[in-house]
2 protein chains.
Amino acid sequence: MIATKLISEARSHRDSSILVDPLLSPLPDTLPKNVTKIADSILTPEELKITSYDVPELLQAIRSEEYSCEAVTRAFLRRAALAQKLTNCLTELLPSRAIARAKYLDSLPISEHGRFQGLPVSIKEHHGMEGLTNNGGYVAWIGKPQDGRCSTQEVLLQAGAVLHARTTQPQTTMHLETSTNIYGATTNPWNTDLASGGSSDGESALIACRGSILGMGGDIGGSIRCPAANTGIYGFKPTPRRIGKLCSLAAVSGQEGIIPTQGPLASSRSGLMLFMETYLSYEPWIKDDYLVPIPWRPVTLPAKLKIAIMWSDDIVTPHPPVTRALKEVAKSLSEAGIELVEWKPEGHDDCWDITQALYYEDDGKHVEKLIAEGGEEMLLLTKWLIKDNENVKYRTVEGVWELKDRRNAYRLKYNELWLSTGAKDNHPVDAILCPAGPGAAPPHGNAKYWNYTSQWNLLEYPGVVFPVTFVDQALDGKDEAYVPKNDKDRFNWELYEPGKYVDAPVGLQIVTRRFEDEKCLDILEAVEKAMGRK
Amino acid sequence: MIATKLISEARSHRDSSILVDPLLSPLPDTLPKNVTKIADSILTPEELKITSYDVPELLQAIRSEEYSCEAVTRAFLRRAALAQKLTNCLTELLPSRAIARAKYLDSLPISEHGRFQGLPVSIKEHHGMEGLTNNGGYVAWIGKPQDGRCSTQEVLLQAGAVLHARTTQPQTTMHLETSTNIYGATTNPWNTDLASGGSSDGESALIACRGSILGMGGDIGGSIRCPAANTGIYGFKPTPRRIGKLCSLAAVSGQEGIIPTQGPLASSRSGLMLFMETYLSYEPWIKDDYLVPIPWRPVTLPAKLKIAIMWSDDIVTPHPPVTRALKEVAKSLSEAGIELVEWKPEGHDDCWDITQALYYEDDGKHVEKLIAEGGEEMLLLTKWLIKDNENVKYRTVEGVWELKDRRNAYRLKYNELWLSTGAKDNHPVDAILCPAGPGAAPPHGNAKYWNYTSQWNLLEYPGVVFPVTFVDQALDGKDEAYVPKNDKDRFNWELYEPGKYVDAPVGLQIVTRRFEDEKCLDILEAVEKAMGRK
């Protein structure tokens, strides 16, 4: 009963937060599954224009005083409120504090705004926000006051950002799609039958609806990259220790087997780049010395890039649209004179076994306890990960040491594997191009294969996801003759029917070596240019 | 019985390894306690000359073909063999492989030697060596074959070093002085009644005897800095993840609460600097991606340095010679125009509690088991640290998480403390000058206070130790009226009598912020110049 009351209060709080001024006109009685065009009939032309910019263009428009910070903020607040109605992506909108902040910035000379110039930025709820509460997806934590400093946001504010929205995450923040007993499910704006991904799903749905063009998510197994791929936007998981993580709420805060990292999601590649460069230009490692003091370093790419393509991890074969996306990009790269080789994955199944075990050294008991404390139901994807998982066990300290030894040995071996690709020409591959998941955004409740992203969390390799294409009903027929290799592969193969994936975006992932974050984004640029993009 | 046989074999192996060619002439029947001058009557003038150089001068002498690599290697082998006879600092000398290597280098053009040009380098035994065995101070591990790659040594060899000697460490490699049931105690060449420090004691004794002028030790609580201070040499503990640690043998390899690091000990500041710069110039992070890819960066020190002096950690008051050393250096710094402030330590006792608990998450059971497996006795300093220590307990994973949370909070708080020293002038202190221990090298068996070094291991701050003075019988009288603050302070105070510390060197420590390794050594240079050194 207490839980019901708390949930109802959390929802009321969110619902009243989106009562923007002026109020949104009513939505059509019947909404299509693809809601990405609804804004066109609800927002003003100016709001549509402001929210259509990508990050550098919007900053330029503010710098040139084409728009005030307040006008920009108000446009994004209205579009974010609409995104909430369409996809259920917010835990709260922040109109009062965002408008006050925008007005304050407008009162300063443009030159004193900082490099973010009044840019609205959305934040995944469990990263916290000064003076507000955090629930992190748990009923038990509804109303929990923010405790401690939010180091990333301090930098964002120092740089002149306006924090305008807080976004949903799943129960436990450990699903690759989103539902909580507090807010229900977040849906994919391209097809509301599908998941927007997780755990930074609120960010991806909001950005895909252009209720934000830059947001902060977090990633310990794919939580930035999966939602970016599912919704046709850009998402970057940097090497851990380059972006602060102080005050992010998690059930377990002393776990260090797999280290999470915050990272940006954006409507464009330029948004990711500008974020990384700007954030690091403020030397966040001075106040937060958990961070490695490496500025955003200029990189010179080799004259002829050498990119490995991983068609499959040899465990679960990706769905046809993913394979087609890889083929299309490979063709563009090849035509642009980029050398392509095939990536031979090694031990990705072992890697996932170790990863899951390290997520839950305590057999997930902490999570179970928190769920019980909130009097809420354990959702199926939580149960799947924690209870029905033979790799998740209660460990002794010796057991944890053994897992870390296995992890360290695997890291060393994988680095050797990478370097071995340069054995003949002294040019190891510059990057791996690979799926961001085993398919496009799945129907709700089916995101049960993390390996295409979690692989790079254990290895601490940076990974960026970018949009490539959409599921095509004509081109992406099911391979009915396919013989699955194992149970996971069967589950994934059986899941696919093109008709279930109408309008679903397909993203791919570029991975580079540990701490090659700059190279990762520079290679994305080279890849997109090869694809004929700007 | 088996243990006795193994021990006897290990000693025989060591003893035959030091039968250098030509053999050393017999030592005097009675040795003084201070054995630092014995070499003068045993070695040839040329050997004395070669081994008197510091690293850059020796490299210059090889480069200019004044000496061949072989001549240099032979001189250091003879002097190291002598050091073994005087201080018991070796587990084995490596004459055959060192001379073969030197001859090989001599066969190459000088320009192809690599930056270390044939420099003899000694290695702490538990860091391992390709093709040899490692015991790590445990009887059970006598004869254990080297397993895996020694990443630091790969770089040393790539750079043209000659590995000529392997040095002792204590049982468990976790004492701040050295004794094992295999080799007995290593003694301090300045006064053989005193400890040479630990756990990289063999290195310190060997280098103080100039049987090596550059060696690799390791440090998780003071194991480089304490021996350097005890023997009047230089030792540098960098920020972890700047120097590789692959293949170092430890009872517990998955423990990550406090991360150990390898680091150099040398006869001069220039040796440390040259090592760091050279090592990192080979980009070791490519093969060992555990490392952070930060090259040795040039630093511009502020025009007027601001150095904090920590006279005491407010728990154990250092002995009079340490305080005098601090006063003398402070006077020199002040006269050189360096701004001095007082460091107010916070929570160093908590820090030590957390540190010990994280060393032994398993209550030391792994260590106990290994000791039992070898059929050897648990030495008193092992017992003191593991068995008689209320902070060492068997932890659950939740218990370890809690410790890591406390550690992280302490790190954050200490960083804030550091930055707060710039609150008024926007110039936080550039470094802390502090003791390297609560006294000079203690009589064997008494190294029970680690905080002056271990403090900076938990914080991951780099620390360098440099020689300042020697215990002075006239100047360093005991303060008989002193009233100890607590049991630890009483133990330390009672331990002191100047007469027990004849000829003991006194070193001090300079500490900078995390990853400010370059600044740490540059400030040491500034400090030594202020002291009138070159």
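Placement of Cβ uses the backbone N, Cα and C atoms for every residue, glycine included.
Mapped onto three states, the DSSP output places A:Lys124 (active site, charge relay system) in strand. Under the heading active site, charge relay system, TrEMBL lists A:Lys124 (among others).
Annotated active site, charge relay system per TrEMBL: A:Ser199 (among others), in sequence order. Annotation for A:Ser199 (active site, charge relay system): spatial neighbours A:Lys124, A:Gly137, A:Gln169, A:Pro170, A:Thr173, A:Met174, A:His175, A:Leu176, A:Thr178, A:Gly217, A:Gly218, A:Ser223, A:Pro227, criterion Cβ-Cβ under 8 Å with sequence separation of six or more.
Taken from TrEMBL, the feature active site, acyl-ester intermediate covers A:Ser223. In the three-state DSSP assignment, the secondary structure recorded for A:Ser223 (active site, acyl-ester intermediate) is coil.
For A:72-521, the entry in TrEMBL reads domain 'Amidase'.
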Among the active-site residues listed here, A:Lys124, A:Ser223, which has the most company in the form of other Cβ atoms within 10 Å of its Cβ? A:Ser223
